[in-house]
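Annotated in Swiss-Prot:
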DOMAIN    17-362  domain 'tr-type G'
BINDING   26-33, 158-161, 216-218  GTP binding site
MOD_RES   Thr57  phosphothreonine
MOD_RES   Thr59  phosphothreonine
MOD_RES   His715  diphthamide
Amino acid sequence: MVNFTVDQIRAIMDKKANIRNMSVIAHVDHGKSTLTDSLVCKAGIIASARAGETRFTDTRKDEQERCITIKSTAISLFYELSENDLAFIKQSKDGSGFLINLIDSPGHVDFSSEVTAALRVTDGALVVVDCVSGVCVQTETVLRQAIAERIKPVLMMNKMDRALLELQLDPEELYQTFQRIVENVNVIISTYGEGESGPMGNIMIDPVLGTVGFGSGLHGWAFTLKQFAEMYVAKFAAKGDAQMNPTERAKKVEDMMKKLWGDRYFDPATGKFSKSATGPDGKKLPRTFCQLILDPIFKVFDAIMTFKKEEAAKLIEKLDIKLDSEDKDKEGKPLLKAVMRRWLPAGDALLQMITIHLPSPVTAQKYRCELLYEGPPDDEAAIGIKNCDPRGSLMMYISKMVPTSDKGRFYAFGRVFSGLVSTGLKVRIMGPNYTPGKKEDLYLKPIQRTILMMGRYVEPIEDVPCGNIVGLVGVDQFLVKTGTITTFEHAHNMRVMKFSVSPVVRVAVEAKNPADLPKLVEGLKRLAKSDPMVQCIIEESGEHIIAGAGELHLEICLKDLEEDHACIPIKKSDPVVSYRETVSEESNVMCLSKSPNKHNRLYMKARPFPDGLAEDIDKGEVSARQELKQRARYLAEKYEWDVTEARKIWCFGPDGTGPNILTDITKGVQYLNEIKDSVVAGFQWATKEGVLCEENMRGVRFDVHDVTLHADAIHRGGGQIIPTARRCLYACVLTAQPRLMEPIYLVEIQCPEQVVGGIYGVLNRKRGHVFEESQVAGTPMFVVKAYLPVNESFGFTADLRSNTGGQAFPQCVFDHWQILPGDPFDSASRPSQVVAETRKRKGLKEGIPALDNFLDKL
């Protein structure tokens, strides 16, 4: 299938029931890119000889040097199912050729924003788990995101070669390892999923259904229970069964698959399956999975790796494996690779699992539409998305920008959800801040070219129908990172993606040569486009700040900035951590502020949130868009708020969505609604720049108790009320025991038992604490989980490696915000140092402003 012309691809694109959009997700170094190679090599875009070494989807030079995936890349594959295999597909189909759009995404947690962007445009996910180290923290994070986006998972147990050759597990232990991983994954799915009654039905993975693959990406072999069930159905078949039609055959194979997993046993003497572990004569029976599936694999491994030539030759003949002449002379690992590749090719097993079990756009968009589209569920756009209708109006989501070879220009990368996108089509380009009916963040422009993304290559194509993934040229000037492209006039936006990590580490950058400043600014603009997560901010003091998810993320952003985007030498400051400001108890006095003309008074108090509410707002469980009464009920039940107060939430802040709340608990105040907008504006301003050191506030609830206003409207305009509201809010915070919050990482460290002591030493020096330690069953590895302040995490990896002889591998994920102990007003405490440093860096007056500046006397 090498001669893939664009016309051939275009023809399959119309068969939307035969398209699969899927991403490959996993923990770092569990072998995603290597597995992707087997798929690409099977579907024919790399020469098969080079598969396994090419890592085709790692397109950047630094990715190949560091052996990690940094950006997600897209490739289209084509796979044909045989008549027999088509019978397994439970959804609608259209012919036997399948177009698979595969996105390989990074596993490293600092790039999880790339993963989010990849998930948005796909409907299914291949979750790769290293069967030696099991389900890790990043697997869980990514899987949780996938389920939140309603993406159906299938599982692949990778690195079986390690389990056999390094750990020398016996079949029963290996079965238990697999069983445990399947259980762990299902626990995550059932915790975050919607259950069987949800719109997707049951999405738990189960080897019996064929949604779990086993194998080794590096050696290029893999199987699901389906492959073995087919072998045994053929073997046990009676003579008359040879003429079975595909549907009957599929039914037989499915019955066989049920017998190959779980507590089912096989009696080799009689050739019968049984449900009890002991045979009729009382001897222990082997488990079917071990006897019928693992045993042949173990035999092949054993014969070849211990150089038993005759036995190996016999096995190869018995399993009916045809080797090339050049492979026959090999021995040891190379021969093992060749044999296993021939017998259980990874490409076939995985591509069959993908085509049979992952949903097509037709199936998936029915239940994903309500999550994807912000507008009413019955307008033209929503119906087009639900039905995946190529004749509907165009709705397309751009999930990220991909840099082109031409410096400074980007392809917009995204997926068509309804309609048809074509070269030269005039479209509405809507940024994330667009609201229907307004002009801002909206551009009417033609699309210059539509292109196909092929890993390292780009192919121009005339037009692309819905259900497909595509790149656009000429849209990049109008969008920053993401956006919606449509031809329907009253369309709403596609929902903005939620990132699982937040940018908490920031560095200031400046050009070494001041004359290069314009280039730096231009470079920052491009950097903000090319990475979905990074934030580029210009401080009021004129500093240029880059905020990222962690050290590695920032390092790569800075490298990109220096080499690709700005192309100038750059000086950078030490990394700085963002803090949040909060309060720890209720204001001890009622705070009053008067407006500049002394005619209006505001009375307010502040108090801290109950535990968990700020996190609920971050997750979107409680939000400004919710229906009023429903939100009030939730707050009353879960957090014991007063229902009438909960109904009178004026707004959330900063930015209208943040984790602070302004409630109105006044009784019978005249003209209150006229100043509502002004007070809200003051609140947004105050929560964005807190009183301690102008950082965002978090977890503060402000109550408006009473307002006295001037009767004449001209004396209570915005100019009078906004600064007053801000002063009053600051006074509330200062009287309510203000505190600083710092971000905390969850660190997961894998290491051998003997170096655990060294880890504790490093963590204690860095204010970290261990909250869980467990042994990975069946291996000598320990997993230590700890909380570590982000502030202390710089150089943590290097420190850890030097203290454990390089045997510990940490993974840091942003987990939560925690109050920094100590009072910022006490000059000896840690928070007061942080406040002083931050104020100095931002060029503010020294010392926290005194309460008298904000609090007025009656």
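Each Cβ is built from the backbone N, Cα and C atoms, and glycine gets one as well.
Among the binding-site residues Ala26, Met160, Leu218, the residue whose Cβ has the fewest other Cβ atoms within 10 Å is Leu218. Recorded residues His715 (diphthamide) and Ala26 (GTP binding site) have their alpha carbons 60 Å apart, per Cα-Cα distance. In the three-state DSSP classification, the residue listed as 'diphthamide' falls within a helix. By the criterion of other Cβ atoms within 10 Å of the residue's own Cβ, the least surrounded of the recorded positions Asn158, Ser216, His715 is His715. Mean pLDDT of the predicted structure over the domain 'tr-type G' (17-362): 75. In the three-state DSSP scheme, Met160 (GTP binding site) falls into the helix class.
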